[in-house]
């Protein structure tokens, strides 16, 4: 008994000792650590212990040393024995004035958990075209990382779609939505180092920093030169770059080409396929962009092979039609003869074809009796003659009216014998397959199959294609294959520069050369520069660049990149290199750099007025006012329309040409920008947990940020305790969340303030060549004509005050869109600035926005369901207004072209009557000036301004050697004259003379000297001296289908000219009426001729002799004319 009591006492003492030890240990632990910090990237907690024994840097600072090409980040590790720093304080500890108190280490010496992802637990959070965003966990701490390499991430969660490697071509972000569809080559994660409260620690490659992550659309960047070439088969151009690696691709605006970028080093050759020559594709190479000219490969090949021979070119170009004609001849003669002769021997083939096509044959035969043009006797097809063939539809031997009742297909009797059988019976099958209609159809199918077999064996083109060497491409103009490599950047300094007050001393390493010169640095640069490289930067580039150099390091210097094609300054070049490094410092500067475009890819094909497709109309003056002929012109306000007017008062020898061309018509909208919205790609969460206290206690260590904050209390109770925390109904978890936005899919929301109809109208002819913008608000007026718009906006889909969205595809969308600062559940949330900073969101998260979890033994966790408002998914309810992409001007207005009529364009033209009279004497032309600028042998030509004074009013023809002109006739008035003329010259017209022929009279001609010509040869793909391009353009103009159509309608110009704006419509109506009239008369003539032949009326009748004149031997009357001596002829068959 005593032993049992002794054992009981020992157990109680042991339990008491264990309990006391636990309490003491917990007290000691609580003194050492007050709480835990958990940071979540997405759904994963990241834990920092704020204990004195286990320190983790709560702040970082970067100290930069002076080096030549790149700068190294240094992090300071600061010890904080107290609690965690408040969020509103600086996220980095300021550098102390005493360098001896700092502990400075290299970033490369710090343990980088992002680089050890293969041996740690990691998860892929996002994959872009050029890098990856992921998180790794080490000792309960989760680190957020962005890397340009996929090495070591194969074992991470969500790595199924992770590529083996990312492209290394340099890219920079695009912020302007209208540039995305032209230059977008994918997306990339960038770090924005802005001085805002929403920053958090992030590591890019191996460089730690504080900022926010966003997914941006990117474009290519770099120095690239496109080598000109004669654009002929095999349609190859060459590109070169001095950089170590460069990217290029061929892109059609709006096309998704994020994985089609091709990298090269040094030089590369590009061969264009036929689909790339449609005039819509662009060649993008680094900063350069070039429009691939529209080229009809088939036409160009024929023109090159049969140059200077228009007949051979026509035969080669139209060879596809010749092939069809040949096949048609083969089908209708030998193949048809062969099919007809083998019908019976090949009965098995026709039975098989009939079995395959039986449903079609059955349907055609059953519907035949309802066909309006069938023969009334036997059912054959009858369109013109209304006569039947000898064999009817049921293969009767002769045609007769009784066949209709005998043939089951044409019979309408319900009790026919065949109605007893099913449609699928053998009786019906034999009947259907053996009808005349079915046999004719099966024969036709057989002929087509034989023709297709023969067609496939014929050559596709008469023009031979040139083959390239195996594995190489020929570069036109170069006799060799160029594979030169450029020198790489040096790994260490090669020179030394010492800037003094009065001189500069330069020393070249490895030599004994020392150069001394005067101090010619930039003036008024007041900043401290101690190291040698700082002095050099201050001297040559200024203090602004030195500030970037010190505070914004370049991890990759890109020393070969000059940015010359964009015209970047030294500061702009440095910022562009920072963007290449994946760092965004300022969205305003970024937008400026990404908005720069080098090349002609955005240039529209500004061709001259297409006179070959415009209708021609003779125009009569309406009245005479003050000695001037007044012409009243009215046209439909539709883009691409126009008219060529021929003016003549019946006194002048030649008509005067006056052309009106409406180049484009649309609506100019003035808008007010509201906000930007984008989808949420991931969420960053930062929270802090306490064992005791409430939200106020928690906020002492985790301060409020102002938006998207949350707090959960109580968090400590039975069953929800961390180790050594025995509080009941105590504790709190507080923090905030920040979203990572996919700016690649962002929409910008605008409010429409005003709409105005705008038309670009080009005038050519006797008034010279000029294009003017006319609006509905302000009529256009000059000395010779007036123009105004009669607006009609009832078809416009955008109303004033409506909210519209400008999408990443540059299209305009409308629908239910949330207004600014409106939490309604419509498309438009989150509401952001251009750089992805929220401007309207939830101040405090609610219970439905997150979930909180804990365990009896373990850490607490917070999962964010929705960080703020998110209605981006409602974008599917938006409606695209137009298929035409638009570009905004300073985010305040845009122009949207319309494909329908917006009203009427009314013009009043007053021309002096002297223009239509022969000049009485040679005019006196003084103060002449003719200046031109542009390119030779190109689509744009030379834009010239002709100015002079005249003492007479007259009409004149103009010409100049080796040049074609946009207009060959001018209306000259008395006094000052000014004309815009476009010249297309094969040689430089500088110092040549333009000749004016008043009223076409060479005896009183006047010469004007070309004063100045500025030739600006653009760097693009096609060479400006491409003679084949000129021949192709000439051929297309001469053989245009529109030109042929206008030629057919031209006989009706005079009548149609009296109907004003209905000119072209009347011409078409008259042409159709003329065709019907001719067809009707031809039908009557055919019927008369057929009756004449059928009745043998052409045979001679016996002659009739007159008793009174027996001496007359020649027959005067024919037998068929003696209608009184024979019964009347039956002409019922002609009806």
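Numbering starts at 1 and runs along the chain as displayed.
Every residue gets a Cβ built from N, Cα and C, even glycine.
It should be emphasised that the depicted structure is a prediction, and the values quoted were computed from it without experimental measurement.
Annotated features, as they stand in Swiss-Prot:
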SIGNAL    1-35  signal peptide
TOPO_DOM  36-314  topological domain 'Lumenal'
DISULFID  114-145  disulfide bond
CARBOHYD  116  N-linked glycosylation site
DISULFID  122-156  disulfide bond
REGION    177-195  region 'Non-covalent dimerization'
CARBOHYD  210  N-linked glycosylation site
DISULFID  224-285  disulfide bond
TRANSMEM  315-366  transmembrane segment
TOPO_DOM  367-484  topological domain 'Cytoplasmic'
TOPO_DOM  485-1067  topological domain 'Lumenal'
CARBOHYD  605  N-linked glycosylation site
CARBOHYD  980  N-linked glycosylation site
TRANSMEM  1068-1088  transmembrane segment
TOPO_DOM  1089-1135  topological domain 'Cytoplasmic'
Cα-Cα, residue 980 (N-linked glycosylation site) versus residue 156 (disulfide bond), nearest Å, comes out at 67
Restricted to the region 'Non-covalent dimerization' (177-195), the mean pLDDT of the model is 83
The number of other Cβ atoms within 10 Å of the Cβ of residue 114 (disulfide bond), counted over all protein chains shown, is 24
CA pair residue 210 (N-linked glycosylation site) / residue 224 (disulfide bond), Å rounded to integer, equals 34
Disulfide-bonded residues considered: 145, 156, 285; fewest surrounding Cβ atoms within 10 Å belongs to 156
For residue 224 (disulfide bond), the same-chain residues 6+ apart in sequence with C-beta under 8 angstroms from its C-beta are 239, 240, 241, 246, 248, 285, 286, 287, 288, 565
Residue 145 (disulfide bond) -> DSSP, reduced to three states, gives strand
Per DSSP (three-state), residue 114 (disulfide bond) is helix
In three-state DSSP terms, residue 122 (disulfide bond) is classed as strand
Across all protein chains shown, the one of the glycosylation sites 116, 210 with the most other Cβ atoms within 10 Å of its Cβ is 210
Rounded Cα distance in angstrom between residue 156 (disulfide bond) and residue 116 (N-linked glycosylation site) is 11
Cβ-Cβ distance under 8 Å, sequence separation of 6 or more, same chain as residue 122 (disulfide bond); the residues meeting this, in order, are 134, 135, 136, 137, 153, 155, 156, 157
Taking all protein chains shown into account, the Cβ-based neighbour count within 10 Å for residue 980 (N-linked glycosylation site) is 17
The DSSP breakdown of the region 'Non-covalent dimerization' (177-195) into helix, strand and coil residues is 7 helix, 6 strand, 6 coil
According to DSSP, residue 156 (disulfide bond) sits in coil
